[in-house]
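Chemist: Feature annotation from TrEMBL assigns compositional bias 'Basic and acidic residues' to 1-10. The compositional bias 'Polar residues' feature in TrEMBL is assigned to 15-25, 107-127. Residues or ranges marked as domain 'Major facilitator superfamily (MFS) profile' in TrEMBL: 172-671. The region 'Disordered' annotation in TrEMBL covers 1-66, 96-139, 678-699. Among the features that TrEMBL reports, transmembrane segment is placed at 172-201, 221-240, 247-264, 284-304, 325-348, 360-380, 445-463, 496-517, 529-549, 561-582, 603-625, 645-667.
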């Protein structure tokens, strides 16, 4: 083609626009990438072949240069706003990307228009590079900012989803995991602490030193009630204010309330020369009542930790590691239970000779705040997730910068003086929320994950919070209420703590470890099927053979370990294994993946709160059975009222696990899928428009 010849421009189709492009002769390009002129612009005359200088572009497209396109460069000296576009991708050629400049329409208005530039008008859909002194230049029609912003968003998300495991990911897992470690320690330490409290402060109608059934029930459900509230409240707030802004507040609540429990006091039961009215006033608040109140408040903090830790881990994790990282965070719950049992053994041994049970339970509870204090600083300094920054804060530029910083350097920085460019996206609102979940496919997932969590928590908390009476049922230990001396009491406490350690180490902890190894291989849905199916069979066997397993010829005293008791312990540990290598882990993971960013934390809170309803109901089954059944009314006196309650709880667990198999059918398989793909909505064009100017009001 001769120099100066005109060539008909090609037509380029995009999802929203038809682009008309032209290419200049090769001699005029001087081997440099070139922004073509439009069809309506005639060929250049021979006398005006000089073009305005183009921005320097490397001959190749190295990764560093490609990443630099994700940042908006500074405004040019001639007053044009540069916007990043990968033209090599648009033109389907091997030419490296260049930079297109937004032409300002009116520089007379110096008011801030809200998009980060002090005097430019609203960005237009038509972008043109600056003309030279002769008025000639290059232009491109109908290029949408929306297209480019969506591409920048997809590029940033792609970097997160395809990232390799780094020190930053390890930090996220540790910081989130320490919170769950603290949660589990505080929840399950009360299992043996309540026995100590009963021995010191309890005195039921039978004259034994133990908590009444009502007091025991109140202490065990107090944390679960608070957790239910915290999951709903913090789940909603995290979708409004941000994950980072709320992260750490829930840990402060846990630390404060844990210390308050350890320092809880009680009024004396007798007062010298006190009238009956004064005596009643003095005993209006007991230590059990104080502990229940503080555990409800502590539960609110624990509830807030569920959606925050799960969502932060989910939104930072790469696709191929997301299941393992979330399972690793959740496995800290098993580690907290294990350490709690070990600490209980050490504390009991330490106070054995001083006979100071009151100090023992206070130290046991109070030590639960130590890991929380250690993790507090790191929670306050963790960065905001890029998905929240882009999709809810609507700041694509900041999210892009954050992704590069924490993936490459493990750090982040937010300029407090920077002007925020808020793009137009789908915004969370009550109308949009009900619109999204009015679609049957989305509502079905929410109900399925919620019921699955309800089912597994019914069994998990129903058994683990009653492990001490399970140990008594199999004659591993006696009831502390029968102890006549402090030596007998400490001996019983030591047996209970040792039994809890065995049950945790043999069943719960291996299940957590196995789930980390296989969650991204087997998949969430299949693993949940395996867990619910195995638990159904195990609980049927345990409930049907409960008398044979626990009595073994003698229902009182602690004799030698018999084969039926060993069989019961084996089945119990096997059930603990399949709870964690199954639905206990998957119900924690799937709700953190299955919903769009703007409702992810809210929906997670709903699902988690459903689980705590199951935990409360399980304790209600035990309490109601013990309340309505006495040892005198049990047939043939073969079982105590407590054993009857456990047998009915196991039977109920079998039925609930069977229904969990049905709910699993309706949950999606999230393995090897991005969070945007799982959300059941169009994420390719999530950004619906460029930043809007601030409205100017006349006063």
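From the backbone N, Cα and C atoms, a Cβ is placed for every residue, glycine too.
Keep in mind that TrEMBL annotations are predicted by a computer and have not been checked by a curator.
Remember, predicted model here, so these are calculated numbers, not experimental data.
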Chemist: Take the C-beta pairs under 8 A between the transmembrane segment (561-582) and each of 172-201, 445-463, 496-517, 529-549, 603-625. Which stretch has the highest count?
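Modeler: Comparing 172-201, 445-463, 496-517, 529-549, 603-625: 496-517 has the most Cβ pairs near the transmembrane segment (561-582).
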Chemist: Would you say the transmembrane segment (247-264) and the transmembrane segment (360-380) are in contact under the rule of three or more C-beta pairs closer than 8 Å, pairs 6 or more apart in sequence?
Modeler: yes
Chemist: Taking residues 6+ outside the transmembrane segment (645-667), which of them lie with a CB under 8 Å of any CB in it?
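Modeler: That would be 444-445, 447-449, 451-452, 455-456, 458-459, 462-463, 466, 469-470, 473, 524-525, 528-529, 532-533, 535-536, 539-540, 542-543, 546-547, 583, 590, 594, 614, 618, 621-622, 625-626, 629, 639.
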Chemist: Take the C-beta pairs under 8 A between the transmembrane segment (172-201) and each of 221-240, 284-304, 325-348, 445-463, 496-517. Which stretch has the highest count?
Modeler: 325-348
Chemist: Is it true that the transmembrane segment (284-304) and the transmembrane segment (221-240) have 3 or more Cβ pairs under 8 Å, skipping pairs fewer than 6 apart in sequence?
Modeler: yes
Chemist: Should anything in the same chain at least six residues away from the transmembrane segment (445-463) have a Cβ under 8 Å from its Cβ atoms, list it; otherwise answer none.
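Modeler: For the transmembrane segment (445-463), the list is 224, 437, 470, 528, 531-532, 535, 539, 572, 575-576, 579, 582-584, 586-587, 590-591, 594-595, 603, 606-608, 610-615, 617-619, 621-622, 649, 652-653, 656-657, 659-660, 663-668, 680.
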Chemist: Under 8 Å, at least three CB pairs between the transmembrane segment (221-240) and the transmembrane segment (603-625) (pairs 6 or more apart)?
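Modeler: Touching, yes - the transmembrane segment (221-240) and the transmembrane segment (603-625) meet the threshold of 3 or more Cβ pairs under 8 Å.
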Chemist: Out of 247-264, 496-517, 529-549, which stretch touches the transmembrane segment (325-348) the most, going by CB pairs under 8 Å?
Modeler: 496-517
Chemist: Tell me, roughly as an integer, the mean pLDDT over the domain 'Major facilitator superfamily (MFS) profile' (172-671).
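Modeler: A mean pLDDT of 85 is what the model gives the domain 'Major facilitator superfamily (MFS) profile' (172-671).
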